[in-house]
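A.B. asks: Input: one structure, supplied below.
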Ligand SMILES: Nc1ncnc2c1ncn2[C@@H]1O[C@H](COP(=O)(O)OP(=O)(O)O)[C@@H](O)[C@H]1O
Ligand SMILES: N[C@@H](CCOP(=O)(O)O)C(=O)O
């Protein structure tokens, strides 16, 4: 079987709603494929009991259909679904890279981004590319209508995942329809700062660019303990904290030397709020890899 490791990703990063994304060094899904007459999917790993194996309902199945590449697909989930860590995107990106190779389709990673986004459309209702782009290309990505831009960055991160389920579909319903112009101005400034910080590999600039007054406050309300966890991470040295993707994951940018303390502070704060959680000490990393 051909094996691909496909990373978790964090979309939005606060100021870049539906545009920014970053590949995480860990966790990751492992996708295995072999040619077959028709597509079948077998799921194991974190939260796999909540993921349909029916190819018509699984993001990897949507990708097999889009590539006209029927296969026996086995997915070992390292990225729990409904996490805000691009779980559905990891499987879609992994399947896209694996099936492209298996069937010798010859598509570049950039060309595979819209293919993998077909999988995202299946579960979130929209083919947004902000998770599948970094899952395929790695680094920090800017997914706009004009195409995807990639920046090679390696910012240390802590992602804390509470034992709460928030589906992307539900979290998109709370996004406000309108925004005050001063909030838009602030967000544009933050997004520019974050992008510059990625180019410079500067955790301070990236962290302060993660503030967002438009989408994040509405989503934070879906996460018990969010304000306390954010405060605790900042007090422990995080340079910026926001909701990861659509949540409930919470992501902190930081310097490497502060990572362990921040992870502990976030875990404790969730615990104080009566919520179990786990923390990943990670960084911005590579896209999916063929093994
Ligand atoms: N291969 C897959 N991996 C993860 N989730 C999948 C997959 N295929 C379908 N899904 C469904 O997608 C939803 C999770 O996606 P989403 O809400 O976007 O979470 P996340 O933020 O973790 O990507 C769940 O309803 C899950 O059953
Ligand atoms: N831009 C999307 C990203 C969703 O990411 P996920 O990891 O929660 O699937 C959004 O914010 O809705």
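Each position is counted from 1, following the chain as shown.
Glycine residues also receive a Cβ, built from the backbone N, Cα and C atoms like all the rest.
Automated prediction, rather than curation, is the source of TrEMBL annotations.
These numbers come from a predicted model, not from an experiment.
For reference, TrEMBL lists these features for the protein:
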type: DOMAIN; residues: 60-139; note: domain 'GHMP kinase N-terminal'
type: BINDING; residues: 80, 81, 82, 83, 84, 85, 86, 87, 88, 89, 90; note: ATP binding site
type: DOMAIN; residues: 198-270; note: domain 'GHMP kinase C-terminal'
A.B. asks: Counting across all protein chains present, how many other Cβ atoms fall within 10 Å of the Cβ of residue 82 (ATP binding site)?
C.D. replies: 24
A.B. asks: According to DSSP, which kind of secondary structure is residue 84 (ATP binding site) found in, if we only use helix, strand and coil?
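C.D. replies: Where residue 84 (ATP binding site) sits, the three-state DSSP reduction gives coil.
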A.B. asks: Among the binding-site residues 84, 86, point out the residue whose Cβ has the most other Cβ atoms within 10 Å, with all shown protein chains included in the count.
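C.D. replies: In terms of Cβ crowding, the pick is 86.
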A.B. asks: Can you give me the residues near the recorded ATP site, meaning same chain, not 80, 81, 82, 83, 84, 85, 86, 87, 88, 89, 90 themselves, Cβ no more than 8 Å from the center of the site's Cβ atoms?
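C.D. replies: Residues close to the ATP site, other than 80, 81, 82, 83, 84, 85, 86, 87, 88, 89, 90: 8, 79, 245.
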A.B. asks: Per 10 Å Cβ neighbour count, which of the binding-site residues 80, 88, 90 ranks highest?
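C.D. replies: The residue with the densest Cβ neighbourhood is 90.
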A.B. asks: Give the residue counts of the domain 'GHMP kinase C-terminal' (198-270) per reduced DSSP state, in the order helix, strand, coil.
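C.D. replies: Result for the domain 'GHMP kinase C-terminal' (198-270), in helix, strand, coil order: 39 helix, 8 strand, 26 coil.
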A.B. asks: Ligand 2: which of the binding-site residues 80, 82, 84, 90 have a Cβ closer than 6 angstroms to it?
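C.D. replies: If the test is a Cβ under 6 Å from any atom of ligand 2, the answer is 84.
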A.B. asks: Could you tell me how many residues in the domain 'GHMP kinase N-terminal' (60-139) are helical, how many are strand and how many are coil under DSSP?
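C.D. replies: The counts are 45 helix, 7 strand, 28 coil.
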A.B. asks: Looking only at the domain 'GHMP kinase N-terminal' (60-139), report the model's average pLDDT.
C.D. replies: 95
